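Participant: One structure is given below, represented as structure tokens, and several questions about it will come after.
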Amino acid sequence: QFFVFCHGLLQLSQLLISGYLKSTISTIERRYGLSSQTSGLLASFNEVGNTLLIVLISYFGSRVHRPRFIGCGAILVSLAGFLMSLPHFITGPYEYDHSIASVFSNATDLCQPDGPGADGNLSDASCTPHTVKENHEVLLVMFVAQALRGIGGVPIQPFGISYIDDFASERNSPLYLGILFSLTVIGPGVAFMLGSAMLHFYVDIDKVIGEEIQLTNKDPRWVGAWWLGYLVAASLVAVSAVPYFFFPREMPKEVGWEKARCFPLVLLRNLRHPVYLLVVLAQVNLSAMVAGLATFMGKYLERQFSLTASFANMIIGAVNIPGSMVGIVVGGAIMKKFRMSLRQCGALCILGTFLCVVLAFPLLFLGCPTQKVAGVTYSERYQELRIPRNGCNLHCNCPEKAYNPICGSDSIEYISPCYAGCNVINIDAVKSSVLNYTNCSCISENGMAGSAKPGTCGTGCSHLLLPFVVLSCLAGILASTSHTPSFMLILRSVQPEDKSFAVGIQFMLLRVLAWMPGPVLYGSAIDTTCILWEKKCDKNAACRYYDNNLFRHR
């Protein structure tokens, strides 16, 4: 029971690191100019290091000191967490608009005949050799940290599950595993809550004083302190690793190392087992969906319902993930109460996933249309989409890379005050913040030049957020009821001496077929819905506007 407690704590803190990456993925994209495909690859890259070792390590599961292996893996995971925060310390301060040179960016982004775009294309300050090299170093550090986290995570779950199942009674084992899996689910939940808290702080909170921060967390250019949570999570993993070095091995040396030559036979024996193989393939399908959604659900909520990254993370951490935890516990409790046979376990899995699909289907239609963005998604006064210029702002000489969204009094969004033809800025002298922009030649208000407020107009359908969250949470609860019975199908259908190895093969297949490609495929699908890209060195960087309907459907 104490081992179950310790292992739940370790998996909770280990998944705090991976969950925290997913909670900050849209922020990291914005900070370093990454596409969703690249960020998806980063999110799944830990599976590379994990996949290379997990089957071999799991094969020797009953022949090694499993608790000590778990402890060593946890130390590597902790190091990887600290390494993930390193890019913040080796790069310069965040520059949220490279096209503007003045101290008060909002004032210099007005319509000016001799403005910064007057000399044609503005030089890209983000494309100096030093900056390009810096961005490459950032990606290298993050990918290495992810690979290291994957290697460290190899022994943790397979050894922990088999250790518990070996020494628990057959009646209590499902309950212990249900408790363990529910604690595991809390990890990402706490991670999203941690992300919600940390993203309230400005990214360079350690480099600039409060008065120098001109943005609010509702500004689409805002980048929160994504790196801070890694320091917290990595410290918790390090503390959780300590008890494992004091657990006994608790198993006689049943088989010597010479049995290694039987590796291919054991592998073939498990892969040819029909129950084992079908259950694992079913888990692959479910896990591929979970891997993609866990990585990009926060970004989806931000874009569909115009939420801040902090609030989107709070919803996922406080509602969706606890719902999945409830489902896992309920699945384990039902198994124990009714002492289910393997056939009944299979029926419970089918029922849970079928009801999940039924409840999830309406989510295809619960979303918001793309907001009207002048020259990007809306062209009534503009000659051509994606070129936000017209007679009303041609005299303004707007810099092409400007991005300082404003919401006009005509309820149309403009990518900067300059593109709206705004000539006057009104500033709150006390707070040093922008109140509004006026005398905007591209905004018509009762036949006169209109005004605009700083920030995005949003999608304007916040009333759909509550039904979306409720349905997605209920679907998650139902799908999660299959978690424990599917694991018991695997553990009870293979030979006792093959348990560690069978779980290792299972996780290897999940990594190769689900967790590794899932986020990349989701990211690639999301990228195909982008309608305006930020440009860095004439290449696509982060996406500024998506087609919300395509985003939702794909």
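Glycine residues also receive a Cβ, built from the backbone N, Cα and C atoms like all the rest.
Checked TrEMBL, it gives:
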TRANSMEM  41-62  transmembrane segment
TRANSMEM  69-90  transmembrane segment
TRANSMEM  138-163  transmembrane segment
TRANSMEM  175-203  transmembrane segment
TRANSMEM  223-247  transmembrane segment
TRANSMEM  275-298  transmembrane segment
TRANSMEM  310-334  transmembrane segment
TRANSMEM  346-366  transmembrane segment
DOMAIN    386-441  domain 'Kazal-like'
Participant: By DSSP assignment, list the helix, strand and coil residue numbers for the domain 'Kazal-like' (386-441), in that order.
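Facilitator: DSSP composition of the domain 'Kazal-like' (386-441): 3 helix, 21 strand, 32 coil.
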Participant: Same-chain Cβ contacts of the transmembrane segment (346-366) under 8 Å, 6 or more residues past its ends?
Facilitator: 279, 282, 286, 327, 331, 334-335, 340, 464, 467-468, 471-472, 474-476, 478-482, 485-486, 489, 552-553
Participant: Short question: which residues 6 or more past the ends of the transmembrane segment (310-334) have a Cβ under 8 Å from it?
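Facilitator: 23, 174-175, 177-179, 181-182, 185-186, 188-197, 199-200, 217, 224, 297-299, 301-302, 340, 348, 352, 469, 472-474, 476-485.
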Participant: Should the transmembrane segment (69-90) and the transmembrane segment (223-247) be scored as in contact, given a threshold of at least 3 Cβ pairs under 8 Å and pairs 6 or more apart?
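Facilitator: The transmembrane segment (223-247) and the transmembrane segment (69-90): touching, yes.
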